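Visitor: Just dropping this structure here.
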């Protein structure tokens, strides 16, 4: 079965994956994901119509959010799980459809008889039809490449928002306006009457809602676990069995730490879970050791050497090797065929991590990969607490430039660019980072400026919000109206759809001159790229030395 997917930075030949995803997903899974997104658009059509009649269904919004998250790169590779979610999508669509029809009947005194597009009506109880239909309704079903580019840019931004909204929801923070925009955006991708300008306006609104969603998640994280504090994180290991926690879900980490306390098992973070070491709430656990390994794409070698079980709370999962597959556990929206899955928590209860803990007790301690310490925890609250010191260093010329190098890491050798930029920036430049892009340079010894580390790590990719807050506060302190007048440059690395949401957030806030790499998105047509270049001065990365000179010159 053929497929077409170009949603991530590693799309084959920077055009698209057509046989199997570079990420490892099969054509079957890709087509099921396309069908699921198609059905979410149908659900959204009814949700939007119901909203016009004053009917708002929170459960529908929550389902769309969670389902969109499953389609993000490196989240779920399990076709059986997608079959079940698609069946659930039919049920959700019927429920919101019936609520709408009832409200319409009550208001108008007649039945609704408007013809709706296929995503609002198509149904089959034959699973084999799911695969054929998915192949039919993929991204190439939109013929005009510019319309397709704008629709997919919007869709991928929506996926990123959905991921952040789902994390907030798990921590009991939600916002109906976010759910409503996800529905509005999905419906817009089905509307053939929308002009390119109207779609572009929705893309910018997507950036606005991305800021709102990251702020909501920041509130959820900090209200539950405290504000991150500057913290030195241990990179070594202890001589006890361990559990490695990867992904982004702090609630899972919290419950695992509680359930492992006093059990003789250590807990380590991996990848995007590294920033958890900076939250005050987790520092009380003596068996919370530190961080093991690097960015997601190196996990095959690192998971093999960890020896104990690995808990994947969200992306990024790489198809596991046979040598350690039996030690991988997925939870939440993550899935892989044949890998053990920890079920969602019941209301008022914790997840049951006992299978993971029992497994760990039978395993050898981790093999040490490295040792030493790295600093984390420089989110907006921590940086603003020393704002006077930062401002003084800028005024005295000790800090000439802040360089935002947030985003994602990936496999491409071209990403060495970011390591070399960090190495070549002069000693009066400070790097602001968030997301796993940090692993390209966070272990370099770049020193500090008057006690301010030259790499300030704000946290996970969603903590790019902290970088926005820091920039806005600096603008306030320096009395500038335009954020682009600050001594801040942006050299962003992207990989998946959450990075698209972060990029759109920056564009909405008016940031110009962003360098985006290691390649421009395959899903953008030449005309859409031209619009982004003309309006926002987005540029591809170049040679390291030339880029560093330009960055320091504010270009």
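Even glycines carry a Cβ here, placed using N, Cα and C.
Sharing the record's features from Swiss-Prot:
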BINDING   5, 8, 17, 23  [4Fe-4S] cluster binding site
BINDING   248, 272, 316, 408, 436, 461, 496, 498  hybrid [4Fe-2O-2S] cluster binding site
MOD_RES   408  cysteine persulfide
Visitor: Compare the Cα of residue 5 ([4Fe-4S] cluster binding site) against each of the binding-site residues 248, 316, 436 and report the nearest.
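Guide: Nearest by Cα distance to residue 5 ([4Fe-4S] cluster binding site): 316.
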Visitor: Taking the recorded [4Fe-4S] cluster site as 5, 8, 17, 23, identify the other residues of that chain whose CB atom sits within 8 Å of the mean position of the site's CB atoms, giving them in sequence order.
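Guide: Other same-chain residues with Cβ inside the cutoff are 6, 7, 10, 11, 12, 16, 21, 22, 25, 30, 73.
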Visitor: Using CB atoms and a 10 A radius, I'd like the single residue among the binding-site residues 17, 23, 316, 436, 461 with the highest neighbour count.
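Guide: Its Cβ has the most other Cβ atoms within 10 Å: 461.
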Visitor: Report the residues of the chain - excluding 248, 272, 316, 408, 436, 461, 496, 498 - with C-beta within 8 Å of the mean position of the site's C-beta atoms, for the recorded hybrid [4Fe-2O-2S] cluster site, in sequence order.
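Guide: Result: 271, 296, 315, 435, 460, 495, 499.
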Visitor: Between residue 408 (hybrid [4Fe-2O-2S] cluster binding site) and residue 8 ([4Fe-4S] cluster binding site), how far is it from one CA atom to the other, in Å?
Guide: 11
Visitor: Check the DSSP secondary structure of residue 5 ([4Fe-4S] cluster binding site), expressed as helix, strand or coil.
Guide: strand
Visitor: Relative to the Cβ of residue 8 ([4Fe-4S] cluster binding site), which residues of the same chain, six or more apart in sequence, are found under 8 Å away?
Guide: 22, 23, 73, 495, 496, 497
Visitor: In the three-state scheme derived from DSSP, which category covers residue 408 (hybrid [4Fe-2O-2S] cluster binding site)?
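Guide: DSSP assigns residue 408 (hybrid [4Fe-2O-2S] cluster binding site) to coil.
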